[in-house]
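Enquirer: Okay, here's the structure, questions in a sec.
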Amino acid sequence: MWPAPEATAPVDATVPLPGSKSVTNRALLLAALADGPGEVRRALRSRDADLMVAALRSLGSELIPSDESVSGVDWHVVPGPVRGGASIDVGLAGTVMRFVPPMAALADGEVAFDGDPHARKRPMGPLLSALRTLGAEVVGDALPFTIRGPLSGGEVTLDASASSQLVSGLLLAAARFDKGVTVRHNGPPVPSMPHIEMTVRMLRSAGVRVDDGERDVWRVEPGPIAARDLTVEPDLSNAAPFLAAAMVTGGTVTIPGWPQETTQPGDALRELLPRMGATVTRVPEGLRLTGGGRVDGIDADLHDVGELTPVIAALAALAGSPSTLRGVAHLRGHETDRLAALATEINRLGGDVSETGDGLVIRPRPLRAGVFHSYADHRMATAGAVIGLTVPGVQVEDIATTAKTLPEFARMWALMLGEAR
Ligand SMILES: O=C(O)C1=C[C@@H](OP(=O)(O)O)[C@@H](O)[C@H](O)C1
Ligand SMILES: C=C(OP(=O)(O)O)C(=O)O
């Protein structure tokens, strides 16, 4: 149990954030598939990133760290032929469970995958069926499963409405398939499209030809993936709880190094948080948010930026008017069923949250002390921390689960509050 610190004054802090999980894990995998040694700088060090590093090493690449500090690590990556015989632990990392199997299908031996208990429930079926269609032998439709390549590539249709990562995973390794790949989505809209855009842009930056001109169709041409020297952007989704702290305390938080242009969904905070009453400006130091002393409810479709939902829901629970969050049915397949978890935990503290088919309706009520469970979900834990800023006596269970993407969270939170004025 972590007694969530209450804010005694408006926060006034600059919060440097480590690298993006999504960029780090794509960059490492592309470096391991590249045509020569490359560098991934200021990479995130966290459970999900460590699992990716271990997976790539067990498939035959060398990853050598240098310049390691709390803000990240520089990796020198020496790609090797993709080899079978490995057993890969994906933990609870969507980026490992969906991005590594298509790469493993390049090996001509068997590769076994398993993960945390809840990882076995996360959607994998459409990706594993796609790998079968493309020529791999796959045993299993969810974790645990085994893959035996090599596959040849070609055309495949899948329903990616459960997760954009099902598409990203296929695209990331596809230039190394003999025939490349054409992926067609057929089903309800794909969530988290900015993450597919991130995949496409990172492939193009590595010299891979990608055609995404037709809606829901992606074509990756076979060819080399160029070795690169890449610096990872700060994780903008992990900016959410810190920016939220400025909102609920009527303070100011500055995030250094906010990119001018990015495919990270966290960039949508610049638009969403002003709709909830914040003032957001770009300053020479980075992105600055100032809270107005009160939080407004919001009606928002978060389909493209689902990973922001837990912190937005926490803010909504502390707002002065009701909120409706829509378009996020796929959050039921995230680290936990996030819609059920948010409703249960906010209601446990005296809130009034109901689940809809694709989101949440949140009617603010005065909240009281109690335990906020995190369900092994880093973003549930940070949502609990936000609520605890203004509700005395909130205890967040398993704050250590923030290590999935931000191992230093509790220390950074204390540091931010220490800078309160
Ligand atoms: O490709 C990625 O890096 C991610 C894609 C999204 O997954 P879903 O499409 O499953 O929401 C996002 O929620 C996740 O945190 C990271
Ligand atoms: C959904 C998330 O993670 P994952 O990469 O495991 O899907 C997330 O970080 O919010």
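From the backbone N, Cα and C atoms, a Cβ is placed for every residue, glycine too.
Copying in the features that TrEMBL gives for the protein in this structure:
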type	residues	note
ACT_SITE	GLU307	active site, proton acceptor
BINDING	LYS21, SER22, ARG26, SER163, SER164, GLN165, SER192, GLU307, HIS334	3-phosphoshikimate binding site
BINDING	LYS21, GLY94, ARG122, GLN165, ARG338, ARG379, LYS404	phosphoenolpyruvate binding site
DOMAIN	7-411	domain 'Enolpyruvate transferase'
Enquirer: Check the Cα distances from ARG122 (phosphoenolpyruvate binding site) to each of the binding-site residues LYS21, ARG26, SER164, SER192 and keep only the ones within 10 Å.
Expert: none
Enquirer: For GLN165 (phosphoenolpyruvate binding site) and SER192 (3-phosphoshikimate binding site), determine the Cα separation and express it in whole Å.
Expert: 9
Enquirer: Taking the binding-site residues GLY94, SER164, ARG338, ARG379, which residues show a Cβ-atom distance to ligand 2 below 6 Å?
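Expert: With ligand 2 as the reference and 6 Å as the Cβ limit, the list reads GLY94, ARG379.
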Enquirer: Rounded to the nearest Å, what's the C-alpha distance separating LYS404 (phosphoenolpyruvate binding site) and LYS21 (3-phosphoshikimate binding site)? Just drop the number here, would you?
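Expert: Counting only the Cα atoms, the answer is 9 Å.
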Enquirer: Validating a neighbour-count step here. Other CB atoms within 10 A of the CB of the residue listed as 'active site, proton acceptor': how many?
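Expert: Its Cβ shell of radius 10 Å holds 27 other Cβ atoms.
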Enquirer: Run through LYS21, ARG26, SER192, HIS334, ARG379 for me and report the binding-site residues whose CA is within 10 Å of the CA of GLU307 (active site, proton acceptor), in sequence order.
Expert: SER192, HIS334, ARG379
Enquirer: Which of these binding-site residues is closest to ARG379 (phosphoenolpyruvate binding site) if you go by CA atoms: LYS21, SER164, HIS334?
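Expert: Considering only the listed binding-site residues, the nearest one is HIS334.
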Enquirer: Which whole-number value in Å describes the distance between the Cα atoms of ARG338 (phosphoenolpyruvate binding site) and LYS21 (3-phosphoshikimate binding site)?
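Expert: Cα to Cα, ARG338 (phosphoenolpyruvate binding site) and LYS21 (3-phosphoshikimate binding site) are separated by 19 Å.
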Enquirer: How many Å lie between the Cα of SER192 (3-phosphoshikimate binding site) and the Cα of GLY94 (phosphoenolpyruvate binding site)?
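Expert: Rounded to a whole number, the Cα-Cα distance is 13 Å.
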Enquirer: So which binding-site residues out of ARG26, ARG122, ARG379, LYS404 are up against ligand 1, CB under 6 A?
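Expert: Checking each Cβ against ligand 1, none of them comes under 6 Å.
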Enquirer: Please classify the secondary structure at SER164 (3-phosphoshikimate binding site) using three-state DSSP.
Expert: coil
